[in-house]
Each structure stands twice: as C-alpha cells, then as structure tokens.
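According to Swiss-Prot, the features are:
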type: MOD_RES; residues: Thr185; note: FMN phosphoryl threonine
type: TRANSMEM; residues: 20-42; note: transmembrane segment
type: TRANSMEM; residues: 77-99; note: transmembrane segment
type: TRANSMEM; residues: 124-144; note: transmembrane segment
type: TRANSMEM; residues: 212-232; note: transmembrane segment
type: TRANSMEM; residues: 239-259; note: transmembrane segment
type: TRANSMEM; residues: 265-285; note: transmembrane segment
type: TRANSMEM; residues: 291-311; note: transmembrane segment
type: TRANSMEM; residues: 315-335; note: transmembrane segment
Amino acid sequence: MAFKIASSPHVTRNLHTSTVMQRVILCLLPGLVVQCAFFGWGTLVQVLLAILVALSCEAAVMKLRNRNIKASLSDNSAMLTAILIGVAIPPLAPWWMIVMGTAFAIVIVKHLYGGLGHNLFNPAMAAYVLLLVSFPVQMTTWIAPSTVALHSPSLVESLQLIFNVGAHVNMEQFRLGIDGMTMATPLDTLKTDLSMGLTTTESLTKAIFDGSTGVGWFWVNLAYLAGGLVLLKLKAIRWHISTGVLLGLFVASSIGFLLSPDTQASPLMHLFSGATMLAAFFIATDPVTAATSSRGRIIFGALIGVLVYIIRTKGGYPDAFAFAVLLANLCAPFIDYYVRPRTYGHSTS
C-alpha cells in the first residue's frame, strides 16, 4: 500500500452550510446571466420574486417554530431553492405561479418534514412538478430565444406580462421566431415533430435548432457546465452524482440513437438541451436527498440520467429532470441500504 507523505501542518477546514450555499449560488450566476441574455429580463424577475417569497416564508415558519430567524436566513438554503425555481420556470410565467411554487417548496417540502437536512425530496423540483402538473400550459410556454425571435420583450414588457398589466402586450408575439412560426423549446419541438411522423433530421432544419442542438439552450447548458466544474474545483460538491447523471443519459441516448437515428435525438442534444447541466451539477447533487456512499451516488446519478432519457422519449413531457430527480429521491434509501461501504476490518461475506 502506498502512503502519501505531506508536510505539516495537517489542518483541514470545514465548510459551513452558508459557505457551501454561497459557492453554489455564485456558480449559478454564469448560467443565469446567459439565460437572461437569450430569454430576456423575465428570468431575472422570476428569480428575484422567488427569493423574496422564499425568505419571507422561511422567516414566517421559523417564527412559528420559535427558531432563530437570522440563523436560518443566513444559511442561504432558502435563497438557493428560490433561484433554482426561478431559472426552471418559463421567464414570462404569471407572478402567482412563482409565488405558489416557492411557498410550497419552503413551507411544505422543506419545513413540513423538519427543515434543512430532513426533507425527503428536493424542494425546488417538488415545486416544479406541482406547477407543471397543475398548470401545464403556462409551464410549457417558453418564448423564442433572442437570436431567432421576431420580437424580444423589454424589461417593462416582461413586468407587464408577469404581473398581467398592460392590455397591449401579448405573450404570443414573443413566441414567434424570425420565420413567423410559434416556437417551443427544442426538446418539445422535436417531440412534437416525431409524433407527427417527421424524422429527426427533418425536425433539425427548423429555426429553433442550430445544427444538432437548440438555439440558445446549448450556451445556457455550457454556462451551467462551466459553473458546475468550478463547483467541483471548490469541493462544494463531489463528482460522483454529476458524472453518473451525464454518463447515464449519454449511454442511454447513445443506444437509442444507434438503434433508431431517425426517431431519436443525438446524445449531444440530450446533454446540451433543457435542464441537463443545471440538474446534473446544481439539483441532483443535493446532499440531503441523494444517496450517501460514493458508489451509491454514482448509481443514484446514473438512475436519474436513464430516467430522463426514458421520460423524454416515451413520456408526455419533453424535459424530465424534475420527475427523474424525485423518483431517484425515493430510491435513495434503497440504494443506501444495498450499497453500503465495507466496514474496515470486516469481511464482505
């Protein structure tokens, strides 16, 4: 056995919860900036509104529980949950949806089970699923990316649509591409086209696609990937879950694409469309709701990746990370039970 020799002092520094959350939030910023660049001010408005609601709900619940409000707010967990919800929903969704989703995430999913460290499910993804199931039309109404949009909303127009003021502003005018066609997300467009009998190659000729990836979404995912790599460098997360998610999705989509390239999206499109990189580095890596052992984390991540591919190709929703993460959260105790590290000094038999 080889032993690594290092000079003193042998001092390690423990990261506090607030520090970890701060690092995650900072690493989210590149993706948020790029997302705002392609989809307008609405994303930033949703994030700020979600933060306001999350902090208010956190303080109210702490007050009811006779807990330290300042300590709870300063751990930044509520703010991180709010940001994840804000970037996940369409930028021009009505204000009451982000309020409802954020309040549900903080009050019900997080605190009903005991607060930080005790929740069974990822709060942001549970809130997303609640909104998606309850309001499917609003949750799947994305505007066209700025590079191919016929009209891009200004800050004032975004506020008017989100808060439903100003009768002259219409959502549909911001969903039109430069070809005059109403646009959806790349995954939604491809799924609709395949159901109508078009091939993948024929679908990729539309303006929403740029080669084998979606316009705008490739750069959004690339920005979240960059932030995720920095997060790994800072040791705020471990590599196992992210690697498992990306490998699981890549292997499953590669098999599907090799078997039927005319009816399946390429692995590159799966990896750089939708919420892939956001989920792989910032959502699935939630230590509270994930598996605990190193091997268990890889299995946990791979399960998410495979579930995403199955739901994207066979399910009713074009993107599937919220459902995949929640299903994997359910499986985390099962994974921990059967994938336990061997105790030092004990045999495996």
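Placement of Cβ uses the backbone N, Cα and C atoms for every residue, glycine included.
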Inset, instruction - Using a Cβ-Cβ cut-off of under 8 Å, list the residues of the same chain that are 6+ residues beyond the ends of the transmembrane segment (77-99) and lie near it. - result: 17, 21, 24-25, 28, 31-32, 35, 39-43, 45-51, 53-55, 57-58, 105-106, 110, 116, 123-124, 127-128, 131, 135, 138-143, 153, 158, 161-164, 171, 174, 275, 278, 282-283, 322
Legend entry - Positions on the same chain near the transmembrane segment (315-335), where near means CB under 8 A and six or more residues out: 88, 120-122, 125-126, 128-129, 132, 140, 184-185, 187-188, 190-191, 273-276, 278-279, 283-284, 289-291, 296, 299-300, 303-305, 307-308
